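Trainee: The structure under discussion is supplied below as structure tokens; questions concerning it will follow.
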Amino acid sequence: MKDLVFSGIQPTHELHIGNYIAALKQWAELQHKKCCFFCIVDLHAITVPQDPKKLRANILEAAAVYLAAGIDPTKCSIYIQSEVAEHTELAWILGTIGKVSELERMTQFKDKSKKQTQGVSAGLFTYPILMAADILLYDANQVPVGEDQMQHLELARVIARRFNERFGETFTIPQPLIQKVGARIMSLQDPEKKMSKSDPAESSKILLSDKPEIIRKKIMRAVTDTEGSVHFDPEKKPAVSNLMTLYHHTSGLSLKEIESEFKGKGYGDFKKALAEAVIAELSPIREKIESYRSNSSELERILDEGRDTAKEIAARKMKLVRERVGLGRA
Ligand code: AQP
């Protein structure tokens, strides 16, 4: 059987280079070899308050970004999570399989709940259950994610196994697909923090929509260390190692090749080369986002087709799940 890949991005804020390296870039490579479902996970987005008008705009923006990053709708399905209601139905059922104690261990919940000023929603707590439903609904066996999602994916595996043991073989156990280098891109201003869409500090992240002069400024201002050597050591030199990771993914050079290119040179030279490599990688994407965004009928058509394909598989799976659990009537 052909491998099935599922992955998604929340349409919250603008996407950054961390989302690109860990998710979109991997997706664009995978689509040539596997059957892929790439979802815009708007139901996940509302686990923290969203402005409804902005959310709708962000959903279409995310679809344009997927296409601009090279995701080809003739090779894979691109669709919006809330348009396939089976995601939420399965999430409810899996919520009776997952345990509160398991959800309480999720570090993302602990981090995100600290930032909520108007109380923490129950949806933020049960987010990993919905993520399990997203993946298990399609029997995805491969899930490309950044390192921050590994704990959620592990929970999806636990839930799938537990369901299969209780009700008989129903779900495929998914495996993570994680970049060897760059599974966690860090903030340009604080190498202890991951680069995050919702970080209010603009200089902490490189957005896919950033123009060349902004990219140059952000990289030239990125924190480094006092040692002055371009050397990969995430423990002792986390900031420089993070910048080297960005250079590795945008120049195609290995970490060793980067070290030898900048042997005896300072951070200034390295940052200039990094900025040009990032600009060369992201500029074509930025230009394409604009053109996909302005062709809304084409975007609508792609999202309709993706939804229909996803819905067919999801409906079949839910029929089986209802039977296994004993819901409704025969
Ligand atoms: N800094 C990162 N490095 C590598 N991968 C990352 N991802 C996110 N941040 C980094 C990966 O991008 C995919 C989509 O992420 P998401 O939209 O589902 O949510 P997130 O992990 O919560 O992303 P952000 O950017 O940090 O958003 P906010 O600030 O809204 O919470 C996932 O595969 C994720 O692993």
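One is the number of the first residue shown, and numbering goes on along the chain from there.
The backbone N, Cα and C atoms fix where each Cβ goes, glycine too.
All TrEMBL annotations are machine predictions without curation.
From TrEMBL, here are the annotated features:
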BINDING   Gln10, Pro11, Thr12, Gly18, Asn19, Gly146, Glu147, Asp148, Ile185, Lys194, Met195, Ser196, Lys197, Ser198  ATP binding site
BINDING   Asp134  L-tryptophan binding site
MOTIF     194-198  motif ''KMSKS' region'
Trainee: List the binding-site residues Thr12, Asn19, Asp134, Lys197 whose Cβ sits under 6 Å from any atom of ligand 1, in sequence order.
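Mentor: Result: Thr12, Asn19, Lys197.
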Trainee: Quick check on the binding-site residues: of Gln10, Thr12, whose CB has the lowest count of neighbouring CB atoms inside 10 Å?
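Mentor: The binding-site residues Gln10, Thr12 were compared, and Thr12 has the fewest Cβ atoms within 10 Å.
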Trainee: Where does Met195 (ATP binding site) sit in DSSP terms: helix, strand, or coil?
Mentor: coil
Trainee: May I ask you to report the DSSP-based helix, strand or coil state of Gln10 (ATP binding site)?
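Mentor: DSSP call for Gln10 (ATP binding site): coil, neither helix nor strand.
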Trainee: 10 Å Cβ neighbour count around Ile185 (ATP binding site)?
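Mentor: The answer is 25.
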Trainee: When you measure from the Cβ of Lys197 (ATP binding site), how many other Cβ atoms are you left with inside 10 Å?
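Mentor: That number is 16.
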Trainee: Just how many other Cβ atoms lie inside 10 Å of the Cβ on Glu147 (ATP binding site)?
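Mentor: Excluding its own Cβ, Glu147 (ATP binding site) sees 15 Cβ atoms within 10 Å.
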Trainee: If one measures from the C-alpha of the residue listed as 'L-tryptophan binding site' to the C-alpha of Gln10 (ATP binding site), what distance in angstrom results, rounded to a whole number?
Mentor: 13
Trainee: So for Asn19 (ATP binding site), how many other CB atoms are inside 10 Å of its CB?
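Mentor: So the Cβ neighbour count for Asn19 (ATP binding site) comes to 24.
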Trainee: Measuring CB to CB from Met195 (ATP binding site), give everything in the same chain under 8 Å that is also at least six residues away in sequence.
Mentor: His16, Ile17, Gly18, Ile185, Met186, Ser187, Leu188, Ser204, Lys205, Ile206
Trainee: 10 Å Cβ neighbour count around Asp134 (L-tryptophan binding site)?
Mentor: 26
